[in-house]
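Enquirer: This is the structure, below, for whatever I ask next.
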Amino acid sequence: MCGITGYIGTDPTGRIVHEGLQNLEYRGYDSAGIALAGGGSLSVHKTGGEVGDLPVPSREDGTRGIGHTRWSTHGEPTRENAHPHTDCTGDVAVVHNGIIENYAALADELRADHVFHSDTDTEVVPHLIETHLADGVSLLTAVQRTTERLTGSYALAITAAGHDGIVVARSDSPLLLGHGDTGTFVASDATAFIEHTNRVTYLRNGDIAHLTETEWTVYNDGARVSRDIEALDWSADAAGKSGYDHYMLKEIHEQPRALRQAISGRISDLGTDVTLDMELSTETLQNVAELQIVACGTSYHAGLYAKELLETHADLPVTVHVASEYELRGGRSPEDTLVVAITQSGETADTLAALRSAAQKGAPTLALTNTLGSTVTREADDALFIRAGPEIGVAATKTFVSQVATAALLTMHIGRARNAISTGDAAALRDAIRDLPGAVQQVLDQAPEIASIGREYADSDAFFYVGRRAGRPVALESALKLKEISYDHAEGFSAGELKHGPLALVTDNTPVVAVLTEYAAPERTANNVKEVQSRGADVIGLASDAGTARHADVTITLPACGPLEPVVANVALQLFAYHIANEKGRPIDKPRNLAKSVTVE
């Protein structure tokens, strides 16, 4: 992994592919490369550094091109290991996302007649294609025969000197086509080409497509198949910085709008009715005995918050699983268990694997995602969209709050279907959902004050975040944000666990961030605050109640927002983390070693 782009058409190919790579930089990478073909020749440009280190190829270098930003999985981040990889003749170029699981056996087979120049799993692909081309077949046929030998996940884009077009292939790794006025694009993410077109085709597992300057054709299992063209509902402007220094800061400030989009048309102004664009029947929801959530990273923390909401307001037992552990745990997912997969991109490999495991065991499945047309929406029985809009920063912000808001809507929907939520609870949750965009805006209006607090703690290198109930997932998520972008150690946990180990690490001036909001057992957490203060810690407290806030050394005052008040605290802590990282001069939008969408297990 991490990003693929390509273009064939009448516009300057090298410039378009280079710009596509720049648009994919947000996904995270450690090396990059471009290959252009045309006029019977192939030119390859690679770097072990940044996309900006690559030259912009001229039109004379080729009329079709592919590019790649690499996030290392096999082999170190060097120029030799950067994509594109070529065959022995230097005529075939391949870029690849995913993992070829049987590459070692294939490489052993090929080494007798082929020379390898990298430590990657990808390099077996151009050598296999070379072998088949030697039989006199077309590039399309050679790729079809090659994919029959591959085990694992892959999104491939291939071009070759002396062969027409670009051939692409997909298996368990995202890949889509873009249809512009001057040619056809291919990418792992529409951000690569959104400035040229919003018309896309999502390739399916097993699809192999042949792109020429005038047409595109898709095959699956050797037969030609039809694939739809869809229009994305966002533009290049939505994916820009809009004058902010970083995408992350822009996306923090977009949260009131994202929340309004998540809520719009789904909740009544007066009653407690919820209308969700999903097809799971009331009967299915009534028969659910347990709900299992599978997710990774920030989405996992949103799942923990959803558990609090569902168990409290829908009287439904919920377990939340780290998706990468779900398959390994054994156990059953019976038909009376609803499995909810939460994934921003809809392409997170571990979450997809967990979803497939649950489906194989007969459980109904629901996807909670931000991405129309993504793999999870096609594989789950139903999908519920969080409507956050494009999120470019590696550190998730607006997608977390949108996931929780959508989970709150789902809680009301399930609670009503099961006759488990009282009129009073439903009204309180409805009011919290409706008030959330305005409450978040009130926090954003305090941005200068929060920035000042963040800068005050920028010299610290270890932070603790504590909370209870819904405050715990917010503590976990806020600690994750800080460690992602500042590179400081940050640990989040239940406030009650302080005395069971973490207290040993608290010394003079240790920053401890305490979520003292409603719906987070603030009085009990305040007792834990006293424990760390007696050991010399500095406590940054987040609360709406002045009486609770007095327990902290530094207070960020929040508006009240009922059961969603901890979400409001999270927004304040996003700003806190951002300004610490900015003061340290960190690359906030592209933190080291991290990728936006993790498409390998």
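Cβ atoms are placed via backbone N, Cα and C, with glycine included.
Residues annotated as domain 'Glutamine amidotransferase type-2' in Swiss-Prot: 2-214. The annotation active site, nucleophile is assigned in Swiss-Prot to Cys2. Residues or ranges marked as domain 'SIS 1' in Swiss-Prot (evidence: sequence analysis): 281-420. What Swiss-Prot records for 453-591 is domain 'SIS 2'. According to Swiss-Prot, the feature active site, for Fru-6P isomerization activity maps to Lys596, an assignment based on sequence analysis.
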Enquirer: Do me a favour and check the Cα-Cα span between Lys596 (active site, for Fru-6P isomerization activity) and Cys2 (active site, nucleophile); whole Å is fine.
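Expert: Taking the Cα atoms only, Lys596 (active site, for Fru-6P isomerization activity) lies 9 Å from Cys2 (active site, nucleophile).
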Enquirer: Could you tally the C-beta atoms, other than its own, that fall within 10 angstroms of the C-beta of the residue listed as 'active site, nucleophile'?
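Expert: Around the Cβ of the residue listed as 'active site, nucleophile', 26 other Cβ atoms lie within 10 Å.
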Enquirer: Using DSSP, what is the helix/strand/coil residue split across the domain 'SIS 1' (281-420)?
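Expert: Counts, helix then strand then coil: 67 helix, 27 strand, 46 coil.
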Enquirer: DSSP three-state call for the residue listed as 'active site, nucleophile': helix, strand or coil?
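Expert: Reduced to three states, the DSSP call for the residue listed as 'active site, nucleophile' is strand.
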Enquirer: So if I draw a 10 Å sphere around the Cβ of the residue listed as 'active site, for Fru-6P isomerization activity', how many other Cβ atoms end up inside it?
Expert: 24
Enquirer: Over the domain 'SIS 1' (281-420), what is the model's average pLDDT?
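Expert: Mean model confidence (pLDDT) across the domain 'SIS 1' (281-420) is 92.
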Enquirer: Provide the three-state DSSP residue tally for the domain 'SIS 2' (453-591): helix first, then strand, then coil.
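Expert: Grouping H, G, I as helix and E, B as strand yields 69 helix, 27 strand, 43 coil.
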